[in-house]
Amino acid sequence: MSRFLICSFALVLLYPAGIDMYLVGLPRIAADLNASEAQLHIAFSVYLAGMAAAMLFAGKVADRSGRKPVAIPGAALFIIASVFCSLAETSTLFLAGRFLQGLGAGCCYVVAFAILRDTLDDRRRAKVLSLLNGITCIIPVLAPVLGHLIMLKFPWQSLFWAMAMMGIAVLMLSLFILKETRPAAPAASDKPRENSESLLNRFFLSRVVITTLSVSVILTFVNTSPVLLMEIMGFERGEYATIMALTAGVSMTVSFSTPFALGIFKPRTLMITSQVLFLAAGITLAVSPSHAVSLFGITLICAGFSVGFGVAMSQALGPFSLRAGVASSTLGIAQVCGSSLWIWLAAVVGIGAWNMLIGILIACSIVSLLLIMFVAPGRPVAAHEEIHHHA
């Protein structure tokens, strides 16, 4: 079992590493490519677009051909794209490389969740996804630090060579450690069950909405945090970095505590707790009389996301024993596109950073609480329906 956990964690971590590691080198990249930093900030959106594009096909291919045939090309593409970015001499080529990086990371991301669905029952999967969420929270803190240390002695291109090395590690794991987990093609008697795993299932759709809104909350916070903390609240850059590190610490602590909480409380209780924390955060930020209270509200956001997201993702994947790849892709596409659409629309309409965050917090909590209360899960997957990996 440990081989699947290690491989899944490695496959997922390419995604945040590809986002955060290069940011520290952005000024030098812009100078060398004769582009403004503002022009290169679109590299974040281009990377997410590549991930979304990969998710359109990766899940279906993973369900038909297997997890390894998607993970291996995905890791290889991430390596090639990282090298391509390091060799880019224009901003156009650099952005093209970032898109290809997103394609590779998206393939690996989809496969990771499909593997966890294949190999873990509902309760263990919820615990592992909570742990994975905690580990993912470490990357935005550690990746820029690692990038800074690399750039003390090496040029910015070395950041992408470091990413390529990460991709090589994932490729080696996928080639030599990971075993295929896709279930065998269903027999004729299993066809009705395969057909019953519909993406239009009310319970699955409710979890798609909940996880998409939750991701929208956390990405809105990350996207608006420089404005909120430095421009509105007046913190210096060093203080901003410290606050963000502390919020990551809160996220990690809660994420690593959630598996223990699942041994005491029902998953539904933790999901309700998550949304109540979001609602409390929105109200706190709306009526906050001081910076200290506002910072407390921000910690509630991090705690709320960490306590509920892994559980919601596990519930979303639960009904899909034969179509885990497609379900994982659907979740990823909805989360990436939904959160990006909200941030874009809010910017177009002219909603300020503070109100943007408060609005999504309150909307997420109200909608999600209603869905949790009134959309019950279908029958649990029986033990004989659990998918076992190939020997």
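Keep in mind that glycine also has a Cβ here, set from the backbone N, Cα and C atoms.
The transmembrane segment annotation in Swiss-Prot covers 4-24 (among others).
A Cβ distance under 8 Å defines the sequence-distant neighbours of the topological domain 'Periplasmic' (25-41), meaning residues of its chain 6+ beyond its ends; these are 88-91, 94-95, 147, 151, 155-156, 159. The annotation topological domain 'Periplasmic' is assigned in Swiss-Prot to 25-41 (among others).
Look at Swiss-Prot and you will find 42-62 (among others) tagged as transmembrane segment.
For 63-68 (among others), the entry in Swiss-Prot reads topological domain 'Cytoplasmic'. Remote same-chain partners of the topological domain 'Cytoplasmic' (63-68), defined as residues 6 or more beyond its termini with a Cβ less than 8 Å from a stretch Cβ, comprise 111, 114-115, 118, 174, 178, 180-182, 322-326.
The transmembrane segment annotation in Swiss-Prot covers 69-89 (among others).
Residues annotated as transmembrane segment in Swiss-Prot: 93-113 (among others). Below 8 angstroms of C-beta separation, residues 7-9, 11-12, 14-15, 18, 29, 33, 40, 42-43, 46-55, 58-59, 62, 67, 70-71, 73-82, 84-85, 163, 167, 170, 313, 317, 324-325, 328-329, 331-332 of the same chain, each at least six residues beyond the ends of the transmembrane segment (93-113), sit close to that stretch.
What Swiss-Prot lists as topological domain 'Cytoplasmic' is 114-130 (among others), and the listing cites sequence analysis. On the 0 to 100 pLDDT scale, the model's mean across the topological domain 'Cytoplasmic' (114-130) is 93.
Long-range contacts of the transmembrane segment (131-151) within the same chain: residues 8-9, 12-13, 16-17, 19-25, 28, 158-159, 162, 222, 244-245, 248, 251-256, 258-259, 305-306, 309-310, each at least 6 residues beyond the stretch ends and with a Cβ under 8 Å from a Cβ of the stretch. The transmembrane segment annotation in Swiss-Prot covers 131-151 (among others).
Here Swiss-Prot flags 152-157 (among others) as topological domain 'Periplasmic'.
Listed by sequence, the residues of this chain that lie at least six past the ends of the transmembrane segment (158-178) yet keep a Cβ under 8 A from its Cβ atoms are 3-4, 6-7, 10-11, 13-14, 17-18, 21-22, 24-25, 67-68, 71-72, 75-76, 78-79, 82-83, 85-86, 101, 104, 108, 115, 146-147, 150-151. The feature transmembrane segment is assigned by Swiss-Prot to 158-178 (among others), with sequence analysis given as support.
Taken from Swiss-Prot, the feature topological domain 'Cytoplasmic' covers 179-202 (among others), and the record attributes it to sequence analysis.
The transmembrane segment annotation in Swiss-Prot covers 203-222 (among others), and the record cites sequence analysis as its basis.
Per Swiss-Prot, the feature topological domain 'Periplasmic' maps to 223-244 (among others); the stated evidence is sequence analysis. For the topological domain 'Periplasmic' (223-244), same-chain residues at least 6 beyond its ends with a Cβ under 8 Å from one of its own Cβ atoms are 140-141, 291, 294-295, 298, 343, 353-354, 356-357.
Here the transmembrane segment (245-265) has long-range neighbours at 123, 126-128, 130-131, 133-135, 137-138, 140-141, 298-299, 301-303, 305-307, 310-311, meaning same-chain residues at least 6 beyond its ends whose C-beta is under 8 angstroms from one of its own. Positions annotated as transmembrane segment by Swiss-Prot, on the basis of sequence analysis: 245-265 (among others).
What Swiss-Prot records for 269-289 (among others) is transmembrane segment, and it gives sequence analysis as the kind of evidence.
Per Swiss-Prot, the feature transmembrane segment maps to 293-313 (among others). Here the transmembrane segment (293-313) has Cβ contacts under 8 Å with residues 113, 126-134, 137, 207, 210-211, 214-215, 217-218, 221, 233, 243, 246-248, 250-252, 254-255, 258, 261-262, 267, 270-271, 273-278, 280-282, 284-285, 331, 361 of the same chain, all six or more residues outside its ends.
Just going by CB pairs under 8 A, the stretch in 69-89, 269-289, 331-351 that sits most against the transmembrane segment (4-24) is 69-89. In the topological domain 'Periplasmic' (152-157), the DSSP tally of helix, strand and coil residues is 1 helix, 0 strand, 5 coil. Listed as Cβ neighbours of the transmembrane segment (331-351) (distance under 8 Å, sequence separation of 6 or more from its ends, same chain) are residues 45, 48, 51-52, 55-56, 106, 109-110, 113, 207-208, 211-213, 215-216, 219-220, 223, 313, 316-317, 359-360. Counting residues of the topological domain 'Periplasmic' (223-244) by DSSP class, helix then strand then coil, yields 18 helix, 0 strand, 4 coil.
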